[in-house]
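Structure first, then comments.
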């Protein structure tokens with residue numbers, strides 16, 4: 001069966017499980033990589049500057 005009836009079965013299994021590297025519940029089972037740290041996609045930890053809030057124009061780390 002495909003189409004609309006199949007979409008009701010999408011919530012049975014979890015999309016994300018706990019990541020081995022960062023420990024957060026962000027590892028996508030189907031895609032095979034972590035949305036938080038990038039484990040499974042790259043050796044480098046996924047990190048962006050916009051993750052930290054700017055205060056007075058200076059970026060806090």
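Count begins at 1; order follows the chain as displayed.
Backbone N, Cα and C define each Cβ position, glycine as well.
Long-range Cβ proximity for residue 22 (Zn(2+) binding site), meaning a same-chain Cβ under 8 A and a gap of 6 or more residues, is found for 34, 36, 37, 39, 45. DSSP assigns residue 22 (Zn(2+) binding site) to coil in the three-state reduction, outside any helix or strand. Taken from Swiss-Prot, the feature Zn(2+) binding site applies to 19, 22, 34, 37.
Taken from Swiss-Prot, the feature zinc finger applies to 19-37.
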Count of other CB atoms lying within 10 Å of the CB belonging to residue 19 (Zn(2+) binding site): 20
Cβ-Cβ neighbours of residue 34 (Zn(2+) binding site) (radius 10 Å): 25
